[in-house]
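Chemist: Got a structure here, written out as structure tokens. Questions coming.
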Amino acid sequence: MSRVDKEKSVNVQVLLRCRPFSDDELRSNAPQVVTCNDYQREVAVTQTIAGKQIDRVFTFDKVFGPTARQRDLYDQAIIPIVNEVLEGFNCTIFAYGQTGTGKTYTMEGECRRAKSGPEGQLPSDAGVIPRAVKQIFDTLERQNTEYSVKVTFLELYNEEITDLLAPEEISKVALEERQKKPLPLMEDGKGGVLVRGLEEEIVTNCSEIFSLLERGSAKRRTAETLLNKQSSRSHSLFSITIHIKEATPEGEELIKCGKLNLVDLAGSENICRSGAREGRAREAGEINKSLLTLGRVITALVEHLGHVPYRDSKLTRLLRDSLGGRTKTCIIATVSPSVHCLEETLSTLDYAHRAKSIKNRPEVNQKMMKSTLIKDLYGEIDRLKAEVYAAREKVGVYIPKDRYQMEENERKAMADQIEQMTASLETNQKQITDLQEKYDSELQHSADLSKKLEATEKCLDHTSNLLSTTKEDLKQAHYNLKEKEFIISEQKKAENALAHQACVLRSELEKSSRDNASLHSKIARGDKLSAANRSVVNSFQADLASKLDILSSTLTASIDQQNKHLKAVEVLCQSCVDSHDTATLEIKKKILASKSLYMSHMEAFQNIVLLHKANTNSTLEDVSSLSAASCCSLDQLLACVEGEALKIFTDIQSLLADHRSELAHFTKELRDSFCISLDRTKDMSSFILGLFEKYTEETSKLQNHSNHTHEAQVKSLEEFQKAYEEQSKSEEQRLLADITSLVSKHIVRQRELVRLDLHVPLGQFVCK
Ligand SMILES: Nc1ncnc2c1ncn2[C@@H]1O[C@H](COP(=O)(O)OP(=O)(O)OP(=O)(O)O)[C@@H](O)[C@H]1O
């Protein structure tokens, strides 16, 4: 991988680890809501919202389910990071998650007993830190180069930094003192931060680191909460700085530097659920506050906001370079699989998922010339010497130049802080004046209230007077009430007597209603009969209608037939008239032809006569023969014409005879069909007449029956009415008599009572 590639911006790598169920969770049979798919790098959280099961799925760079071992996580995710540290990068690995989800287990594991075994192997529960340390030393040993390894281990508790590697002798003497005296966090003037006075331990092998780690972890503040028996109450930062000597081809010696920060954050927690109280609650508050600032920093980085609030907490100041800086960062988010932690699990997943979008621009640390490093170290020695000298001689305050610069920076930061505080003081003062105003208004309000109280007291006196008079009234009212109660009891008695009468009346009424019911049943029977009659009439009507239908269809059929016959007669007559016309025309033509022949013969005869006359004296014989011939031919012609005329007449006569016979046949047919239809119509009308007669008979019967029923009903109703009227009249009279006697008794009793009250003799009272 080229240097240019490595210097490109890279996203923060986010791993998700879900721990197995704890013994408590197994005991309480807590349902599982987190499912991990290590291969697809997905985590699914099952939620039930409004009775509906909803799965939320999150994808991370790597996912480790409850069955994943420490070794799996380290081999798959951490080895490449440590290799990059050995190549000269600064890398940070930090664990984030709810309390009791396995952050310390993941980062440290069984590191307190993690001193490597005889073959240098670690226990299977060893976490990231011991494994990273082992990998670093193994690699450095293998490379067979000169190196130096320094470690620091600090704790951030309630926004105060303490050194977990402070020398034993000091910590034994005044551990409490040291814990109270936090180490200052300062700007290093190069854009970074440094913790002044933090011990840097040079280590040469794994076991040295392990014992330091054990020492530091033992000092870390832990406490038992409801969610974790040994809950870390502080954030811890374990840093390993490695310097490796390298030689250039020119034979120059360079120093390569890499740093690995391993952060175990305190658990985010729900203060109520973790059972934190008083001091613990304050701790939890501080932990949540610093984690909140971490969240805000992540949000600002993800959303590319102009201002990233690193300065708002020491945690974010310490992690500044790891979040959006030049460090390669890996976050291990830890969650529990149980439904009891669902809310916090979702919040951790959201938090971690957002952090995936943070981009860092990792830069390999500049390799230093060995000579420059030696120079730097000499400078450091001088600085320390000067400090030692100043401390030994106690001659005023000696501050070396760079230290002065540092303190100057610190002073500036302080001045900024003072400015901020002044501003907040001003706002506080403003709030105080506001409060004063509120206080004044409250005073005014209370004065008003006292006035109101006075008025209310007066009102109370008045009300007490009223109460005493009301009591008197009440006494009187009680007396009146008793009197009324007596009257009411008497009235009740009278009412009971009336009720008895009413009962008697009701029984009478019931009897009459029974009569009524029988009457109704009779009416119902009559109705039933009428209905039966109606159905007979209806069926008769339907029958009649069907018969009439048949008749009308027969009539229409016969009319159709007659129409057809008439049409045939018309056609026949027409053809007869036509043939008659043609025959007459032919006769006319033949007569005309014979006439013209006769005329021509007559003409010829006249011509002959004329010729005879003109030729005078031609022989008489010729003439007579000619005339005879002419006569003969004329006779022949006439005979011929006569024959033809006769023939025509006979034709006409035969034609007319044919027509006559046809007409006679047709007339006969017509008459027959008329006779048939007449017979049918006669049948039909006789049937209808019969029906009508039957119908009339039935109707009259029905009429009689209904009249009879009606009469019976009217009679029974009249009887009932009469009986009822008589009964009610007698009842009324009896009741009236009863009521009158009761009322008179009551009046007498009341009079008696009043008389007794007024101690007046009866006779006197009556007179009055
Ligand atoms: N992956 C795991 N496999 C087995 N046990 C685990 C695992 N993760 C956590 N545990 C166990 O769960 C308990 C709590 O773990 P741990 O103390 O590491 O939680 P934590 O997140 O550091 O809590 P806190 O924030 O309160 O310090 C420990 O007993 C630990 O051994």
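The backbone N, Cα and C atoms fix where each Cβ goes, and this holds for glycine too.
Predicted automatically and left uncurated, TrEMBL annotations should be read as such.
In case it's useful when we look at the structure, here is the feature table from TrEMBL:
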- Gly97, Gln98, Thr99, Gly100, Thr101, Gly102, Lys103, Thr104: ATP binding site (BINDING)
- 374-438: coiled coil (COILED)
- 11-358: domain 'Kinesin motor' (DOMAIN)
Chemist: Filter the candidate list Gln98, Thr99, Thr101, Gly102, Lys103, Thr104 of binding-site residues, keeping only entries whose CB is under 6 Å from an atom of ligand 1.
Modeler: Thr99, Thr101, Gly102, Lys103, Thr104
Chemist: Let me know the DSSP-derived helix, strand or coil state of Lys103 (ATP binding site), please.
Modeler: helix
Chemist: Would you mind checking how many other C-beta atoms are within 10 angstroms of the C-beta on Thr104 (ATP binding site)?
Modeler: 25
Chemist: Counting Cβ neighbours within 10 Å across all chains shown, tell me which of the binding-site residues Gly97, Gly100, Gly102 comes out on top.
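Modeler: Most Cβ neighbours within 10 Å: Gly97.
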Chemist: Within 10 Å of each Cβ, count the other Cβ atoms, then let me know which of the binding-site residues Gln98, Thr101 comes out lowest.
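Modeler: Relative to the other binding-site residues in Gln98, Thr101, Gln98 has the fewest Cβ atoms within 10 Å.
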Chemist: Around Lys103 (ATP binding site), how many other C-beta atoms are within 10 angstroms of its C-beta?
Modeler: 28
Chemist: Please work out the number of neighbouring Cβ atoms within 10 Å of the Cβ of Thr99 (ATP binding site), leaving out its own Cβ.
Modeler: 26
